[in-house]
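Quick look at what Swiss-Prot annotates:
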- 1-36: region 'Disordered' (REGION)
- 104-128: region 'Disordered' (REGION)
- 234-280: zinc finger (ZN_FING)
- His235, Cys261, Cys264, Cys280: Zn(2+) 1 binding site (BINDING)
- Cys248, Cys251, His269, Cys272: Zn(2+) 2 binding site (BINDING)
- 303-372: region 'Disordered' (REGION)
- 348-363: compositional bias 'Basic and acidic residues' (COMPBIAS)
- 434-494: region 'Disordered' (REGION)
- 463-487: compositional bias 'Basic and acidic residues' (COMPBIAS)
- 497-757: domain 'Protein kinase' (DOMAIN)
- Ile503, Gly504, Ser505, Gly506, Ser507, Phe508, Gly509, Thr510, Val511, Lys523: ATP binding site (BINDING)
- Thr793: phosphothreonine (MOD_RES)
Amino acid sequence: MAALSSGSSAEGASLFNGDMEPEPPPPVLGACYAGSGGGDPAIPEEVWNIKQMIKLTQEHIEALLDKFGGEHNPPSIYLEAYEEYTSKLDALQQREQQLLESMGNGTDFSVSSSASTDTVASSSSSSLSVAPSSLSVYQNPTDMSRNNPKSPQKPIVRVFLPNKQRTVVPARCGVTVRDSLKKALMMRGLIPECCAVYRIQDGEKKPIGWDTDISWLTGEELHVEVLENVPLTTHNFVRKTFFTLAFCDFCRKLLFQGFRCQTCGYKFHQRCSTEVPLMCVNYDQLDLLFVSKFFEHHPISQEETTLGETTPASGSYPSVPPSDSVGPPILPSPSPSKSIPIPQPFRPADEDHRNQFGQRDRSSSAPNVHINTIEPVNIDDLIRDQGVRGEGAPLNQLMRCLRKYQSRTPSPLLHSVPSEIVFDFEPGPVFRGSTAGLSATPPASLPGSLTNVKALQKSPGPQRERKSSSSSEDRNRMKTLGRRDSSDDWEIPDGQITVGQRIGSGSFGTVYKGKWHGDVAVKMLNVTAPTPQQLQAFKNEVGVLRKTRHVNILLFMGYSTKPQLAIVTQWCEGSSLYHHLHIIETKFEMIKLIDIARQTAQGMDYLHAKSIIHRDLKSNNIFLHEDLTVKIGDFGLATVKSRWSGSHQFEQLSGSILWMAPEVIRMQDKNPYSFQSDVYAFGIVLYELMTGQLPYSNINNRDQIIFMVGRGYLSPDLSKVRSNCPKAMKRLMAECLKKKRDERPLFPQILASIELLARSLPKIHRSASEPSLNRAGFQTEDFSLYACASPKTPIQAGGYGEFAAFK
C-alpha cells in the first residue's frame, strides 16, 4: 500500500487544481476537440486531466488485485482502498462521459459543471497521490490519436455470492463466467452446477448462462444464488477428541483434537479452519438433481435407447460423453514403477513396453492368470492419489496391508518389470497380457525394488545353473518325485463326483449339488471343447485359486476337465444374499447389515491381497450360512469369463449389468476389470443392504440402463437408504460408487472404515440381573431357602421356606 500511495499528494492536488500549468494535449487530440463543436476551449484540457486520473486509478486497482486478489481473507485496509478507488473511478468516468457528450453536442458548460470537475479532480488527487515519475509516463499517451474518443470499459465485474458475500473478478475477453467464478465458489465450498447466476438489468434479475463471456458483462453486477433443489446448509461444528485413528480432511495429517461437522462429517485441525468449505452440501441429492435436469433438456429417443444393443467391445459404443454429462471420461493414469504388489487398473499403454521382450511360443508351465492379476504400483503415488477418504481409513491400515503382501509372497518374484505378477507358489516365467504367446524374461535384480531377487528364466542363462544338474541320477530322481503341490493333484478324475439336483445357473455356468466325500457344489462351466491353450490357462488359474483359504471365501476343493470343465467348492448351507434381500425379504437389523458388509469387504480384501479380481461380485455370489457367516463364491476364472478366438483371449462384457462399473460397460480399455471395478460392485451390494432394493428399479429397459450408466448419466438413488443408516456408511457407499475409477477407495480402506463404524455403534449390554445368576450355575432350590426378592417385589406370607421365624 505504501508503494501505491507513494508520491507527493500536494503535487497531485496542485497539478489537477490548476496551480501548476498542465502540459497541453497532443495536437491530434486538440484538433479533434476543436472540430467537434464550439464549446469551451478549456474542456480538452479538462478531459486530458480526467483521462490521466482514470489511467492512474485503474493502475492502482490492478496493483491491488495483483497483490491481494488471490488471498482468501484479504486485510481490511485493502478492501477500504479498493472501494475508494472504484468509487472514484466511477465518478471520473461519468464526468468524462459528460464532457465528451457535451463536446459532441456543441453545448457549453456552466460554472457549476466546471466547479464539480474541480471537486472531482481535487478529491481524486488527494487520495491518489501520484509520483512525478508516474505522470511523465502518461503525458504522451498513444491511444489519444483515435478520431472518435470513447469511454473506456470497466475492467471488473462485481459479484454477489450466497451467504451475504461478494467478490470482484476481472473482466477478461475470452473467459467464461464459469471460469471466472470457479475459484471464488470453490473457496466457499460451492460448484457452478449447484448455483444459478443472474444479471441486474432495469432493476430485474435475468438469468444468464455459465458459458457467457464475462467481458460482455463489464461493469455490471452479477448475483449468484444456490438452486432451490440443492440441499445447502451451514456447518454444525463441534469440538471433538478422536480416540481412534483419524486424519484431517484438508491436510491429511493425523488428527487427535480438532473439530467435526455433525452434518457432513468434515473434520479438521484448528489451524486448518480457514480452509474449510463455507457451505455444507449434500452431494448425494445433488447427483439426483443433475440427472433430473439432464432428462428435462435431453430426453432419450428411441434411437439412443437402441444404441445400447450394439456390443460395447466392438468399438461402436459411444466413448466421449457430451458436455452436459456429470463427470468427464475416465482416462488412464501413468503406470507406476515400484515393486509392492498393490492392485491398480490395467493400463493399455504398457502393452508396447511388454512387447519388447519379443514373441515366443508359450511355455506349458507359464501361469495364465494375467487377467486377474495386476502389476505393482508406487506406494507413494497410491497413498497420495487414494488419500484417506472418509472416517476410519487409517494410513497404518494401508501400510499393514502392504506388509501382508510381502509376508504372503515366499517366492522370489519381487522386481520392477511392469509386466510381472506376484504369486504365492513357485512359478515359471510370469506373463501378463491379453494374448497367448507373450513371455517375459525379467532381470535378476533391478535398482528401486525392495529386494534384490532372482527369477526363473525361460531362455538359457547363468541363472539356470544355480543347481548342478549334470548327473542323470539327479534328473531321474527329480522326475520321479515331481512337485508335491502340483495343480494336477487337484484334478478330480471323471466318475468320482456324483452330480445331484440343479441349483441355478449364472453368466458362466450352471451350479449343481453334488457328492464328493460329502456335500459339494459343482459348477459346470460354459466352455465346450476347450482348446489346449484354454485348458492350460484354466489349470494355471486353478493354481492360484487352490491357494485361497479364508473364512469369508468359499473353499476351493478341486476341478475336473471331463466330461466338461467344472469347479468343485464347499457346499454352503444357507441362501444367497440376493435370496434373503429380494425373494424372502428377510428383515435384518442395522448392526447385522453392517456386519455382513464387513465380512464381504474382509473376503474381498483377501482376494485382492492374492491379486485375484472377482469380476462378477454381486449379491447372488454372496452366501450366508445359518449363523450369518458370509462366503464369497464364483471369483477369478478369467479364462471362462473371456472370449477366445483360437489361441488368443479377448475381453467381453461379462457379469450382471446392475453391478457393472461404468468403465466395464464402456469396454474402451483392453482390460477394464480392476480392483476398483470390484469396489463399484461392492458399492451396489451396500446399496442393496441399506435399501433392500435393487438399483434402477424404476427403469425396465436393460439397454437404457447400459447406455445411461456407461455414459455417466445414471447412478443409484442414495436417498432411498434406510433412515437409521449411519452417515459414515452412506458416505462410504457414495465413495465406492464414484464414476471415476481412480477416485474409488481400495478394500483395505473400506474394511477399516466399516470396522470403525461397527465399533462406534451403540451396543446394549446385558445387565447382571437375577436371571443371569441362574445361568451361572445356581439351582432354583438354592433360592427357595433365602429371601432373594427384589426391593420392589411384594412380600407374601409363607414365601420364605421352612424358617420358623417367618411363619
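Cβ coordinates come from backbone N, Cα and C, glycine included.
Shown are the binding-site residues Cys280, Ile503; of these, the residue with the fewest other Cβ atoms within 10 Å is Ile503. Here the candidates are the binding-site residues Cys248, Cys251, Ile503, Ser505, Gly509, and by Cα distance the one nearest Cys264 (Zn(2+) 1 binding site) turns out to be Cys248. Same-chain residues that are not part of Cys248, Cys251, His269, Cys272 yet have a Cβ within 8 Å of the Cβ center of the Zn(2+) 2 site turn out to be Asp249, Phe250, Arg252, Lys253, Leu255, Gly258, Phe268, Arg271, Glu275. Here the Cα atom of Val511 (ATP binding site) is found 50 Å from that of Cys251 (Zn(2+) 2 binding site). In terms of DSSP helix, strand and coil, the zinc finger (234-280) has 3 helix, 15 strand, 29 coil. Among the binding-site residues listed (His235, Cys261, Ile503), Cys261 has its Cα nearest to the Cα of Cys251 (Zn(2+) 2 binding site). The closest partner of Cys248 (Zn(2+) 2 binding site) among the binding-site residues, by CA position, is His235; the full candidate set was His235, Ile503, Gly509.
All protein chains shown were included, and the count of other CB atoms within 10 Å of the CB of His269 (Zn(2+) 2 binding site) stands at 18. The Cβ of Ser505 (ATP binding site) lies under 8 Å from the Cβ of Val511, each of these being in the same chain and 6 or more residues away along the sequence. Counting every protein chain shown, the number of other Cβ atoms lying within 10 Å of the Cβ of Gly509 (ATP binding site) is 20.
Fewest Cβ neighbours within 10 Å among the binding-site residues Cys248, Cys251, Cys261, Cys264, Cys272: this applies to Cys251.
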